[in-house]
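For reference, the structure is listed below as structure tokens.
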Ligand SMILES: NC(=O)C1=CN([C@@H]2O[C@H](COP(=O)(O)OP(=O)(O)OC[C@H]3O[C@@H](n4cnc5c(N)ncnc54)[C@H](O)[C@@H]3O)[C@@H](O)[C@H]2O)C=CC1
Ligand SMILES: CC(C)CC(=O)C(=O)O
């Protein structure tokens with residue numbers, strides 16, 4: 001992999017490799033863009049097939065956070081961490097403390113939170129070493145686990161997507177095929193079940209499937225069969241790149257709305273969805289509830305304020321669908337334009353010189 005070429009092409013600012021022999025920590029912190037503010041994005045722990053796969057995942061997820069935070073109206077840039085390892089076997093407190101010290105070393109350029117494979121308890125351990133962590137236990141005045149907030153946003157975003165695809169935002173009687181019923185999707189399914197949607201679920205973890213069947217009367221299918229099931233809405237809520245050359249021809253849904261990051265394997269798959277008339281809710285817009293919730297901690301956490309902001313996801317998606325139709329462009333491009341325009345305009349309005357801004361000159365005079 002030609003790493004500097006990749007960084008230059010996609011305009012990344014910084015990549016930090018963190019290693020701690022004592023705990024087995026192998027982490028990659030990727031910071032994509034801090035025009036809007038410090039980079040905020042979660043920490044994923046996963047067993048990658050290769051170090052290159054881990055680097056690419058960190059980079060793709062970090063760029064996604066730049067767009068997510070910009071589109072959500074947050075004054076935050078984009079970053080993400082991946083820790084290489086099996087979250088079920090390889091974790092230890094020393095690992096997260098060592099990682100916390102690396103974050104502290106970045107002096108506020110990067111703030112972390114949970115993602116796949118990490119928990120509130122892990123964030124509490126990181127908090128022993130750094131303030132630059134969110135999603136820690138509510139006892140510390142924090143917002144806790146972001147998954148319910150993400151799920152609430154995805155549920156509302158799914159309603160906006162249904163309105164576009166079916167003419168009504170009611171999900172009563174709609175068949176939703178859910179891939180991955182983990183932290184976010186469990187809470188999402190609860191909202192859907194309460195509204196009267198019918199659920200078809202799959203997961204590689206049998207206990208998660210069983211829980212969704214018992215709690216929400218979900219029907220289960222094997223992981224490879226989820227794409228081809230007869231349904232109204234496909235909700236990808238596991239890992240990324242599940243909308244790809246293999247799956248596109250199988251999908252029968254008229255709408256796609258789920259929590260997973262980086263759902264499109266490549267941008268051209270978003271174009272294909274547009275051609276097929278499948279309404280796609282851009283991933284980083286519909287799944288921004290969690291980051292909106294944890295970002296509120298930076299103002300002193302207030303759940304009502306955070307959830308009011310999460311409710312705006314519905315309106316953002318309506319706007320994106322409108323732009324997509326008006327300009328005859330796929331929805332993922334409409335979302336990118338919205339995010340890029342915000343970054344551009346904030347960057348222009350912050351371009352004036354400030355003597356007291358953190359800079360080499362102010363430090364010399366300080
Ligand atoms: N937790 C949060 O607040 C946020 C999560 N996301 C994204 O949402 C997705 C889900 O996140 P979480 O619920 O937190 O993670 P999770 O790890 O709790 O849930 C993911 C589930 O997907 C299952 N899974 C993995 N590969 C699968 C496959 N091939 N087929 C079927 N199931 C599979 C796992 O067994 C697990 O149950 C991820 O892509 C994450 O990055 C995005 C924004 C915020
Ligand atoms: C889990 C969130 C709090 C942040 C994040 O990393 C995301 O939205 O993907």
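Heads up, the Cβ atoms here are built off N, Cα and C, so glycines get one too.
Among the features that TrEMBL reports, active site, proton donor/acceptor is placed at 80. Sequence-distant contacts (6 or more apart, same chain, Cβ under 8 Å) of residue 80 (active site, proton donor/acceptor) comprise 29, 30, 41, 42, 43, 44, 58, 61, 62, 64, 65, 115.
Other Cβ atoms within 10 Å of the Cβ of residue 182 (NAD(+) binding site) number 16 in total over all chains. The NAD(+) binding site annotation in TrEMBL covers 180, 181, 182, 183, 184, 185.
For residue 183 (NAD(+) binding site), the same-chain residues lying six or more positions away in sequence with a CB closer than 8 A to its CB are 145, 147. Under 6 Å, Cβ to nearest atom of ligand 1: this is the test, and of the recorded positions 80, 180, 182, 183 it is passed by 180, 182, 183. The binding-site residues examined here are 180, 184, 185; by Cβ neighbour count within 10 Å, the least packed of them is 180. Each of 147, 178, 186, 188, 203, 208, 237, 238, 259 belongs to the same chain as 180, 181, 182, 183, 184, 185, is absent from that list, and has a C-beta within 8 angstroms of the C-beta centroid marking the NAD(+) site.
Taking all protein chains in view, 30 other C-beta atoms sit within 10 angstroms of the C-beta of residue 181 (NAD(+) binding site).
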